[in-house]
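Asker: One structure, as structure tokens, below. Some questions next.
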Amino acid sequence: MSATPDRKGQLGPGDIRARKGGEPVVCLTAYTTPMARLVDAHCDIALVGDSLGMVLHGLPSTIGVSMEMMILHGKAVARGCSRACIVVDMPFGSYEEGPEQAFRNAARLMAETGCQAVKLEGGRHMAETVAFLVARGIPVMGHVGLTPQSVNTLGGYKVQGRGHHEADRIAADAAALADAGAFAVVLEKLPEALGRRITQEIAVPTIGIGAGLDCDGQVLVVDDMLGLFSDFRPKFVKRYAELGQDADAAIAAYAAEVRARRFPGPEHVFGEGKPA
């Protein structure tokens with residue numbers, strides 16, 4: 001039996017775009033096959049985010065994430081998804097030089113991972129690249145507001161779009177990406193009123209992460225909402241579980257039983273005549 005999921009009913013970028021103004025789009029990150037299966041059962045988009053650099057690899061930011069890392073985890077997620085639309089982040093340095101560089105790397109991501117779309121950060125200055133990719137068969141999700149790959153120029157992980165000038169700039173960025181052909185735009189860490197405004201102004205779904213309730217959908221880093229990543233906790237994260245604490249308690253119990261020679265017990269060992 002093949003381990004590859006049957007994808008006949010898999011959502012695509014066109015399906016996500018058609019959800020504008022309708023049922024909210026549910027998106028979570030996924031980086032591994034087991035987590036992808038869980039996300040696939042309940043979500044519309046499985047985002048292979050470059051946040052994996054921080055969450056899984058212990059990097060201080062997303063800037064050190066490579067194409068090879070994104071491909072490795074993209075393949076793993078694709079093995080676990082049969083319904084959700086798989087979107088893979090383009091890592092820092094893989095698309096900023098121009099449309100041709102972006103196409104080479106986006107095409108590689110799609111060919112090697114089996115994803116349905118790529119996501120890239122940036123506003124009006126990326127519109128030409130988005131249009132170039134879309135015209136050549138590569139669906140693109142945009143990302144404006146707080147763009148983590150630009151954290152060094154933004155002065156940290158701060159709320160963006162406060163003040164009329166900044167709000168107008170970010171709204172124009174989102175509109176430019178939508179006009180260039182992006183099928184959806186992520187809005188990160190914006191005042192709620194700005195998230196609402198952009199959602200009303202552009203023709204494609206907005207996916208909010210710290211941008212308010214009025215966005216067309218929401219996304220969170222799955223390790224954040226499950227309580228598995230505790231290095232920091234953004235205000236916009238709601239913890240739906242505390243799996244990090246549960247895992248810590250389970251590992252502590254295992255260690256105690258091993259040291260006390262209580263594990264393995266009789267039910268966990270093999271002997272003559274015992275079933276395997």
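A Cβ is built for glycine as well, from the same backbone N, Cα and C atoms used for every other residue.
Quick paste of what Swiss-Prot says about this protein:
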- E188: active site, proton acceptor (ACT_SITE)
- D50, S51, D89, K119: 3-methyl-2-oxobutanoate binding site (BINDING)
- D50, D89, E121: Mg(2+) binding site (BINDING)
Asker: Taking Cα-Cα distance, which of the binding-site residues D50, S51, D89 are within 10 Å of E121 (Mg(2+) binding site)?
Answerer: D89
Asker: Restricting to the chain of K119 (3-methyl-2-oxobutanoate binding site) and a gap of 6 or more, list residues whose Cβ falls under 8 Å of its Cβ, or answer none.
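Answerer: In sequence order, the residues whose Cβ lies under 8 Å from that of K119 (3-methyl-2-oxobutanoate binding site) (at least 6 apart) are L47, G49, V87, V88, D89, M90, V140, M141, G142, H143, V186.
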Asker: Enter the number of other CB atoms within 10 angstroms of the CB of E188 (active site, proton acceptor).
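Answerer: E188 (active site, proton acceptor) is surrounded by 23 other Cβ atoms within 10 Å.
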Asker: Mind giving me a neighbour count for S51 (3-methyl-2-oxobutanoate binding site)? Other Cβ atoms within 10 Å of its Cβ, every protein chain shown.
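Answerer: Other Cβ atoms within 10 Å of S51 (3-methyl-2-oxobutanoate binding site): 22.
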Asker: In the structure shown, with every protein chain counted, which of the binding-site residues D50, E121 has the densest set of Cβ atoms within 10 angstroms of its Cβ?
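Answerer: Buried the deepest by this measure is D50.
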Asker: How many Å separate the two farthest-apart Cα atoms among the 3-methyl-2-oxobutanoate-binding residues D50, S51, D89, K119?
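Answerer: So the binding residues stretch over 13 Å, Cα to Cα.
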Asker: Round to the nearest Å and give the CA-to-CA distance linking D50 (3-methyl-2-oxobutanoate binding site) with E188 (active site, proton acceptor).
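Answerer: Here the two Cα atoms lie 14 Å apart.
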Asker: How far is it from E188 (active site, proton acceptor) to S51 (3-methyl-2-oxobutanoate binding site), counting Cα to Cα, in Å?
Answerer: 13
